[in-house]
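Data first, discussion second: the structure below is written as structure tokens.
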């Protein structure tokens, strides 16, 4: 059933050269279909988020049911409009991910997050070439399939972290940073896949090199511009504006409307420049969000420094006024030595009342409502999560040929490829496992590659240092016990940890209580989500996947297999992580009630980072005692 009849708005717009668009009141069927589409998209998203942490699966299912693959209740014109608005929602989603990026935390965990991201990108790309063994595809098509499966769902990742309460932990920082890096690479891949489709006949290296180098140029030049142009200019403008706090310019620039216009201008400028330069506009949207987050931190730092200088000046003025009042008081006491009771007492309140108005400063004005996250939450987030985001995931559902996905040849290949893609992301969890005997000594790698790697939050790099410290402590305690007399220490002074070390001298390296951190990291990276669907849809629409079935109509076999892998991975990852989070919370609650003395299931990875990895020792101790 189609929404519009023969007098539809869009055919009239295309066939008639009218001076204005005539208004037509929609019928009751149109109202019911559109309203049910919007309402059920939000309801299903809420239900799936509470149950499986992946509401996007429900919205994709609504798109399949209401669109061409299912009931075809929406006309092609309406579906095309939803696709356009949905892509706008995707831009805003990526922009939100950039706004939520904590650059200081990302910098302190950059090495480990980069390692996780490299494994999460390279392993799916490598395993995707195994598709050539059981499918008749080319290496370029295998590359496109791997590009679609190398991403990680940012929306699912943020939902999992927010629901589990791990968004500010070490595990959450590493996971979110690695997922963002994977998505950034996926956004670059989307530009490469689009260029591959446009030039599928004559392939050249420029098709791949140009988006990569343009993206690198944006990622390098934008921080340089921010550091050497935007930062000094912001300081100069801030000094000029603060001198005129009562002016109309200051009042106008400190409004939410001015901040909203500035953020939209930065987002639009970067997206336009990136698309014309030859890379993905989504990557530019992420950089725009990160830039605004950095600029908010810079403005906050300037306000804090200004408030501190104001406090220092007030304290100096207060001390000068106190010295003046004490001098006046001494002079008054010398001239009125005969009167020792009331005049000095009367002078004290007068002096304090005279100095209090001069020393009292107005409280500093908070500008948190002008930050990018606050503006986004108030002005953009309601429209995004209620309309634009359902439109985007529903538009993905429009492109899924559900009726062709259950043929036996497609089904078994999709399941096999899904298993490979799950295993590919599980390799990311190896970065959080402490191995007692690495093949290559970690101190050799540390001295050769990273002289300052002891400040990185990677347990593998600290294993050798801990081992040496334990050996030194054991040697010291053994020497002390041989020279002292045979006296039995009291139970209050005996250290149970030293007793355990002596009872098992061959097992002195601290082992993790469980594999919860590594397993949670691996399965949290499994969910592909929106970027995976986007790249596969682009590859199918541009003809990169080709028509492997040999038919003129229908979707390609590779696209169906990739869609199966994305669907199953996006569904499996949040389910496993949600189950593990529930189990972990039960263990934590039981340990706190019974006070068994066991370590936290997450160990140091459940501790709030202190802004740098230098404080790992204290954080680890906190994790073991909490």
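Each residue, glycine too, has its Cβ placed from N, Cα and C.
What TrEMBL records for 28-44 (among others) is transmembrane segment.
Look at TrEMBL and you will find 44-293 tagged as domain 'Cation/H+ exchanger transmembrane'.
Per TrEMBL, the feature transmembrane segment maps to 51-69 (among others). Packing against the transmembrane segment (51-69) from elsewhere in the chain are residues 33, 37, 40-41, 44-45, 76, 79, 153, 155-156, 159-160, 163, 389-390, 393-398, 400-403, 527, 529-530, 533, 567, 570-571, 573-575, 577-578: each is 6 or more residues past its ends and has a CB under 8 Å from a CB in it.
Residues annotated as transmembrane segment in TrEMBL: 81-98 (among others).
Marked as transmembrane segment by TrEMBL: 110-134 (among others).
Taken from TrEMBL, the feature transmembrane segment covers 140-161 (among others).
Taken from TrEMBL, the feature transmembrane segment applies to 173-197 (among others).
Annotation comment: TrEMBL describes 203-230 (among others) as transmembrane segment.
Among the features that TrEMBL reports, transmembrane segment is placed at 251-276 (among others).
The compositional bias 'Low complexity' annotation in TrEMBL covers 338-359 (among others).
The region 'Disordered' annotation in TrEMBL covers 338-367 (among others).
Sequence-distant contacts of the transmembrane segment (387-404), counting only residues of its own chain at least 6 positions beyond either end whose CB sits under 8 Å from a CB of the stretch, comprise 37-38, 41-42, 45, 56, 59-70, 79, 82-83, 85-90, 92-93, 410, 530, 533-534, 537, 540-541, 554-555, 560, 563. TrEMBL lists 387-404 (among others) with the feature transmembrane segment.
Annotation comment: TrEMBL describes 410-433 (among others) as transmembrane segment.
Annotation comment: TrEMBL describes 469-511 (among others) as region 'Disordered'.
Feature annotation from TrEMBL assigns compositional bias 'Low complexity' to 476-493 (among others).
Only residues 6 or more beyond the boundaries of the transmembrane segment (515-538), in the same chain, are considered here, and those with a CB under 8 A from a CB of the stretch are 54, 56, 60, 90, 93, 116, 120, 144-145, 147-149, 151-157, 160, 171, 174-175, 178-179, 182-183, 186-187, 189-190, 193-194, 197, 392-393, 396, 399, 421-422, 425-433, 544-545, 559, 562-563, 565-566, 569-570, 572-574, 576-577, 580-581, 584, 601-603, 605-606. For 515-538 (among others), the entry in TrEMBL reads transmembrane segment.
Within its own chain, the transmembrane segment (110-134) is flanked in space by residues 141-143, 145-147, 149-150, 152, 173-175, 177-178, 181-182, 185, 413, 416-417, 420-421, 423-425, 427-428, 430-431, 450, 453, 456-458, 521, 525, 558, 561, which lie at least six positions past its ends and keep a Cβ under 8 Å from the stretch. Within its own chain, the transmembrane segment (173-197) is flanked in space by residues 94, 97, 100-102, 105-106, 109-110, 112-114, 116-117, 120-121, 140, 144, 147-148, 150-154, 157-158, 161, 167, 203, 207-208, 210-212, 215, 278-280, 282-283, 286, 428, 457, 521, 524-525, 531-532, 534-535, 538-539, 541-544, 605, 609, which lie at least six positions past its ends and keep a Cβ under 8 Å from the stretch. Away from its own ends, the transmembrane segment (558-577) comes close to residues 52-54, 56-57, 131, 135, 137, 141, 145, 148-149, 153, 156, 159-160, 164, 400-401, 404-405, 410-411, 413-415, 417-418, 421-422, 425, 520, 523-529, 532-533, 536, 539-540, 545-546, 548 of its chain (Cβ-Cβ under 8 Å, at least six residues beyond either end).
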